[in-house]
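These come from Swiss-Prot:
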- Cys105-Cys115: disulfide bond (DISULFID)
- Cys133-Cys142: disulfide bond (DISULFID)
- Cys270-Cys382: disulfide bond (DISULFID)
- Cys294-Cys342: disulfide bond (DISULFID)
- Cys519-Cys537: disulfide bond (DISULFID)
- Cys654-Cys729: disulfide bond (DISULFID)
- 32-516: domain 'Sema' (DOMAIN)
- 581-669: domain 'Ig-like C2-type' (DOMAIN)
- Asn44: N-linked glycosylation site (CARBOHYD)
- Asn126: N-linked glycosylation site (CARBOHYD)
- Asn175: N-linked glycosylation site (CARBOHYD)
- Asn330: N-linked glycosylation site (CARBOHYD)
- Asn596: N-linked glycosylation site (CARBOHYD)
- 1-25: signal peptide (SIGNAL)
Amino acid sequence: MAPAGHILTLLLWGHLLELWTPGHSANPSYPRLRLSHKELLELNRTSIFQSPLGFLDLHTMLLDEYQERLFVGGRDLVYSLNLERVSDGYREIYWPSTAVKVEECIMKGKDANECANYIRVLHHYNRTHLLTCATGAFDPHCAFIRVGHHSEEPLFHLESHRSERGRGRCPFDPNSSFVSTLVGNELFAGLYSDYWGRDSAIFRSMGKLGHIRTEHDDERLLKEPKFVGSYMIPDNEDRDDNKMYFFFTEKALEAENNAHTIYTRVGRLCVNDMGGQRILVNKWSTFLKARLVCSVPGMNGIDTYFDELEDVFLLPTRDPKNPVIFGLFNTTSNIFRGHAVCVYHMSSIREAFNGPYAHKEGPEYHWSLYEGKVPYPRPGSCASKVNGGKYGTTKDYPDDAIRFARMHPLMYQPIKPVHKKPILVKTDGKYNLRQLAVDRVEAEDGQYDVLFIGTDTGIVLKVITIYNQETEWMEEVILEELQIFKDPAPIISMEISSKRQQLYIGSASAVAQVRFHHCDMYGSACADCCLARDPYCAWDGISCSRYYPTGAHAKRRFRRQDVRHGNAAQQCFGQQFVGDALDRTEERLAYGIESNSTLLECTPRSLQAKVIWFVQKGRDVRKEEVKTDDRVVKMDLGLLFLRVRKSDAGTYFCQTVEHNFVHTVRKITLEVVEEHKVEGMFHKDHEEERHHKMPCPPLSGMSQGTKPWYKEFLQLIGYSNFQRVEEYCEKVWCTDKKRKKLKMSPSKWKYANPQEKRLRSKAEHFRLPRHTLLS
């Protein structure tokens with residue numbers, strides 16, 4: 001891109017950020033809660049399956065609610081996992097490539113790892129069998145797996161005697177882009193169907209309708225596509241009018257100024273397409289495609305586009321003809337990386353395919369709207385009763401209709417999202433968004449779509465979006481950030497079970513399940529529950545628990561929930577806080593050494609809460625807000641005094657503000673010790689310490705060689721007298737009073753106060769104990 005182009009991109013991107021910011025809360029990029037892998041395990045909210053062989057190389061997953069199993073395809077293996085707990089009771093099928101095939105594959109120049117048998121296809125074939133296809137050392141083949149009826153003895157057996165060639169059903173390359181859908185006994189697949197990965201095509205095979213595909217080497221149909229998803233969606237009650245939709249990205253022919261421009265497409269064809277009689281024989285005669293747009297409106301009509309589709313999710317509704325389509329997109333710019341989620345209604349998609357065709361007279365002409373006569377039956381329509389019933393199959397269509405469809409596969413009108421803009425935009429660059437799953441939830445104040453977004457670091461974001469019709473702004477609320485795997489790993493597959501309230505997540509090396517919610521984690525007070533804004537959770541008068549819109553579990557008198565506004569003050573007015581949990585303010589005593597640094601720690605549970613510090617210098621003195629400067633700094637961890645003064649002594653109040661709800665989280669009394677008194681301590685007779693009956697014990701839970709947290713912090717902020725301060729702290733901790741406390745049993749000493757135990761167990765961050773406070 002030329003320098004001028006770089007400047008334009010920078011300006012557009014800056015405007016995008018400016019445009020998007022007003023619709024968000026104070027910290028839109030922060031999740032409200034951040035849970036580590038360790039915390040998820042301790043909450044019993046997750047379960048992890050890892051192959052006993054040490055590798056998995058997951059490529060596909062299939063959720064089977066009927067069999068209550070999750071089927072996983074990897075390298076040389078197919079696994080059957082328990083939906084209740086994926087780490088328990090797994091079964092496996094070992095299905096490697098033959099030694100002869102592997103040797104041939106390597107001799108042709110492929111890497112030995114690529115010459116394994118990677119399972120790429122898993123579909124329900126009927127109630128007792130699965131269809132599976134695998135790469136077979138660059139010689140794809142398919143077979144059936146017998147799983148039996150749900151009521152029978154569990155079965156999991158590969159019927160290898162029914163193996164068939166898999167060309168056109170499964171790619172040769174294990175890493176090639178690929179999608180497939182089984183409709184009846186017909187397998188529809190979008191793939192690269194040759195050994196060298198050059199022949200991109202959409203196939204139908206296996207069933208009674210016969211083998212059919214897109215034309216070879218016709219860039220008007222497919223130009224270097226990356227297949228993302230495929231679904232069968234009916235248009236009406238006539239099954240002969242059913243259509244297959246393929247979602248993919250490709251190089252756009254109509255972007256004449258840049259041959260490398262990527263667009264996202266929706267391709268459509270009739271399930272019962274038989275091809276033409278004289279033209280397009282055994283080729284799709286109803287294939288059409290339209291551009292799928294996801295963009296943010298910009299200055300002077302110049303939009304910022306997210307052109308590359310990463311994932312697509314179809315959310316079923318009560319009407320099977322009108323599911324909601326969610327697309328996860330990213331930018332194709334080499335300068336900036338951004339991601340967006342757009343939502344599409346089927347009415348917009350059908351409108352584009354029923355609209356005008358795109359047309360180009362010749363190489364010297366531009367693409368334009370076709371204004372000539374359109375033949376009958378309309379190109380792209382199915383042979384059905386809805387279409388007049390005049391034609392039994394597409395083979396009966398007139399040649400001019402087939403010829404027109406062949407020359408005009410592209411629709412002129414693009415498909416635009418709901419509200420004509422994304423529901424979610426992420427431009428912080430923290431991680432790349434890769435996978436998307438959606439659950440629709442009924443809450444007290446309406447219906448919400450909860451987005452679960454998988455990233456390239458093993459993080460899953462749980463997000464809701466709220467559209468304000470008056471201002472036309474979209475508020476995104478990141479409810480949780482979940483670290484699914486212990487070690488960062490890209491999420492490559494996600495399956496969702498609304499019935500079980502579980503999300504199943506696959507990486508290359510492991511499969512995890514995680515519950516949608518854990519309501520009592522939010523806190524034991526009404527305000528805690530309402531501030532969470534989680535549509536799965538509500539205050540029932542006793543605790544924060546699962547919200548049930550109707551039925552026996554509903555407690556209409558006591559439910560308190562406000563997802564749209566999070567107005568805890570209004571919702572919880574008159575509610576008694578259990579154990580006065582919210583009224584109770586944690587009190588601490590802290591010491592600071594004059595002219596050195598001190599941190600008053602306060603980390604609210606919610607990362608979206610604003611923290612305000614107040615100080616009171618005497619009992620009868622009014623509280624004042626702490627003024628920060630180059631000496632007193634407000635940090636995420638608390639209030640940092642770079643150089644403590646005697647005048648800083650007082651009582652400090654850490655208050656959080658979230659949706660206008662104010663809560664005092666912590667009260668810290670700071671006592672400042674004069675530096676010369678600390679110096680005097682080191683001139684005392686050291687013999688006194690040698691006569692102590694009990695030596696100063698090491699910090700609980702700290703292994704030998706582990707550096708206490710405060711040492712790292714003191715070195716980080718640059719204490720001028722680090723060694724003396726360290727010695728002073730050890731002397732303070734080793735007083736006779738402290739030794740008496742340490743004589744208690746370890747379990748009693750660690751959590752002498754039940755309230756402290758509860759607070760510690762629900763703490764957001766795990767770290768070494770800080771036995772620094774004397775009361």
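Each residue, glycine too, has its Cβ placed from N, Cα and C.
If you compare Cα positions, Cys519 (disulfide bond) sits closest to Cys342 out of the recorded positions Cys294, Cys342, Asn596. Asn330 (N-linked glycosylation site) has Cys133 as its nearest neighbour among the disulfide-bonded residues Cys105, Cys133, Cys142, Cys654, going by CA to CA distance. Sequence-distant neighbours of Cys105 (disulfide bond) (same chain, 6+ apart, CB under 8 A from its CB) are Ser97, Glu114, Cys115, Ala137, Phe138, Asp139. Taken as a whole, the domain 'Ig-like C2-type' (581-669) shows an average pLDDT of 91 in this prediction. In the three-state DSSP scheme, Cys115 (disulfide bond) falls into the helix class. Cys342 (disulfide bond) sits 26 Å from Cys270 (disulfide bond), taking the C-alpha atoms as the reference points. Classification of Asn126 (N-linked glycosylation site) by DSSP places it in coil, neither helical nor stranded. Across the structure, Cys133 (disulfide bond) and Cys270 (disulfide bond) are spaced 24 Å apart at their Cα atoms. Residue environment of Asn126 (N-linked glycosylation site) contains 10 other Cβ atoms, counted within 10 Å of its Cβ in all protein chains. It is Cys294 that, of the disulfide-bonded residues Cys294, Cys382, has its Cβ surrounded by the most other Cβ atoms within 10 Å. Of all the disulfide-bonded residues listed (Cys133, Cys270), Cys270 has the fewest other CB atoms within 10 A of its CB. A coil conformation is recorded for Cys294 (disulfide bond) in the three-state DSSP classification, outside any helix or strand.
Here the domain 'Ig-like C2-type' (581-669) is broken down by DSSP into helix, strand and coil counts: 3 helix, 46 strand, 40 coil. Spacing of Asn175 (N-linked glycosylation site) relative to Cys654 (disulfide bond) is 52 Å (Cα to Cα, whole number). DSSP assigns Cys519 (disulfide bond) to a helix in the three-state reduction.
Neighbour counts of Cβ atoms within 10 Å were compared for the glycosylation sites Asn44, Asn596, and the top value is held by Asn596. Between the alpha carbons (Cα) of Cys654 (disulfide bond) and Asn596 (N-linked glycosylation site) lies a span of roughly 22 Å. Set side by side, the glycosylation sites Asn175, Asn330 differ in how many other CB atoms lie within 10 angstroms of their CB, and the most is found at Asn330.
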